[in-house]
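Below: the structure, in structure tokens.
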Amino acid sequence: MNNILSEEVLNVTDFTTSRQLTLWKREDLQSPQLDDVAEEVPVALVYNGISHVVMMASPKDLTHFAMGFSLSEGIIDSPREIYGMDVVPSCNGLEVQIDLSSRRFMGLKARRRALAGRTGCGVCGVEQLNDIGKPVQPLPFSQTFNLGNLDRALKHLNDFQPTGKLTGCTHAAAWVMPSGELAGGHEDVGRHVALDKLLGRRATEGEEWRQGAALVSSRASYEMVQKSAMCGVEILFAVSAATTLAVDVAERCNLTLVGFCKPGRATIYTHPQRLIAD
């Protein structure tokens, strides 16, 4: 199989389609013209030949997505438990064919669920309400972050949204180093998928990705908190608000959750002791 870190595509226009549409401005209905629209395709994650989940996603960075999903859903504990991946066309979408260790595959089969997700929806397909939420080990308090450095990260977050700049239709997730510099980031039409891509990337990067925090351009849902905690992320910044369930989950698993992140301000929901106000 191909190396799990291989890039599927390089050109941002591979993720957009030109469609004819009509723009409206007050007192000015313009003639039809071409504009860029973000691609959204079904992506199936296939473990050892068995399809486990279908998510709607942007068709790029899919090996990172598969790695992040596998980690954040507890399918694996380590990237070493995935031996390889291939991204291949399938029907009306794409498949990520994943070579999973035998031990992990047996565990996956024991708790397999059939998911036909909406855009990055992680609850779709869960059979019972009791199945929502996974046990997460409480996080340690090993990280700190100076809020004075957050402005720098916010300023450059959209650098990782080239498709979003063309279409206005993607979410971003980026890794913020303690200095406020962004180590890297990913975009997707689904906010959960964007975060999974980031978590998958982080799992295979070097030491500079161990310190810092995750930053997302969207609101913070309970699942984004849970995914972050499952991957050992202690601090999650969100540009928009957090839900009540997200706050409850963050409190229980010792994750520092911060929303409404804007230059010079933020709302700290849980565990402020990791944050330095400078």
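The backbone N, Cα and C atoms fix where each Cβ goes, glycine too.
What Swiss-Prot annotates here:
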{"type": "ACT_SITE", "residues": "Cys121", "note": "active site, cysteine persulfide intermediate"}
{"type": "BINDING", "residues": "Phe260, Cys261, Lys262, Pro263, Gly264, Arg265", "note": "Mo-bis(molybdopterin guanine dinucleotide) binding site"}
Cβ packing number for Pro263 (Mo-bis(molybdopterin guanine dinucleotide) binding site), 10 Å threshold: 10
Shell list (Mo-bis(molybdopterin guanine dinucleotide); ref centroid = CB of Phe260, Cys261, Lys262, Pro263, Gly264, Arg265; cutoff 8 A): Leu150, Asp151, Leu154, Ala266
Among Cys261, Lys262, Gly264, the most crowded of the binding-site residues [Cβ within 10 Å]: Cys261
Count of other CB atoms lying within 10 Å of the CB belonging to Arg265 (Mo-bis(molybdopterin guanine dinucleotide) binding site): 10
